[in-house]
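What follows is one structure encoded as C-alpha cells, with my remarks underneath.
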Amino acid sequence: MSTDKKNRTVSHLMIWNELKWAPSEKQLAQFIHLQELLKEWNKKINLTRLVDGDDFWTAQVCDSLLPLYEELQHPEVSHKYIDIGSGCGFPGIAIAIAMPNSDITLLDSSSKKTTFLKEVSKEIGLDSRIKVVTERAEEAGRNPIFRSNFDYAIARAVASANVVAEYLVPFLNSTGQALIFKGSWSEAEQQILKKALAELNAEIQRTHEFILPNNRGIRNIIRISSINKCPHQYPRSIGKPKKQPLGY
C-alpha cells in the first residue's frame with residue numbers, strides 16, 4: 001500500500017471512529033465519486049475550495065455528518081430532510097449517502113449550483129432520493145408542497161442563527177427538528193435565538209459542541225423543535241429575515 005493510501009486510510013478511520021459509524025463499500029465509493037465530481041465541476045463554477053484530502057473528508061464529510069451522530073446510529077430509519085442553501089451539496093448529499101432510506105431535498109437559489117446538484121445526484125446514483133429545487137428559502141417556506149413537510153430542516157454556514165431559524169422552522173412537521181450548524185456559539189447568540197424562536201412557535205431543544213478531528217476546530221449544533229404550528233406570516237418576504245432579523 002502506498003504512503004498516500006495509508007495516510008488516507010488512517011484519516012478515514014479517525015473520522016469513522018469519531019462518527020461511531022462507517023460507510024459500506026458502496027457508500028465509500030459514492031463519497032470518492034462525489035469528491036472527483038466536485039474537483040471536475042470546480043473548474044467550471046466556483047463551488048468550494050475544500051475538495052482535496054482532509055479538506056474534503058474532515059471539513060466536508062465529517063462536518064456534515066457529526067451533528068447527526070444520533071441519527072447515524074440508526075441509518076436504516078426513513079426520514080425526510082431539507083438542506084437549505086445546499087451549495088456544493090453539503091450536508092445534504094453526505095446525508096443522502098449515509099442514510100440510504102431517507103429522502104433529501106436540496107434547496108439553493110443559484111441555478112448554476114442546482115444544475116451541479118442535479119448532475120451529481122444522478123452520477124452517484126442518488127437521484128431517486130434527492131430532489132433539487134432552485135428557489136429562495138423565503139419562497140419555498142410558503143409553498144404548501146414544502147411547508148410543514150420535513151422531519152429535519154438543516155442549514156450549514158448560511159447566516160446568523162436567528163435568521164436561519166426563520167428559514168428552517170416553517171419546513172418542520174409537528175415532530176420535526178431544525179439543525180443549525182455553527183462554528184463558535186455564545187450565550188448572547190443563544191438569547192437572541194430564543195427570542196426569535198418564541199415568535200416562530202419553536203424552542204431550542206439542546207446545543208452540542210463537537211471537536212472535529214485532524215485539528216479542524218470546534219463546531220456547535222443547535223437543535224430546534226416546534227412547540228406549535230409556525231405562524232403563517234413566516235418566513236417573511238425575500239431579504240426581510242436578514243434585513244430585519246427576529247430576536248431583537
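In case you wondered, yes, glycine gets a Cβ from its N, Cα and C as well.
Swiss-Prot names Gly85, Phe90, Asp108, Ser109, Ser110, Ala137, Glu138 as S-adenosyl-L-methionine ligands; from the candidate set Arg49, Arg147, Arg156, the record adds Arg156 to that same site.
Glu138 (S-adenosyl-L-methionine binding site) falls within a helical segment according to DSSP.
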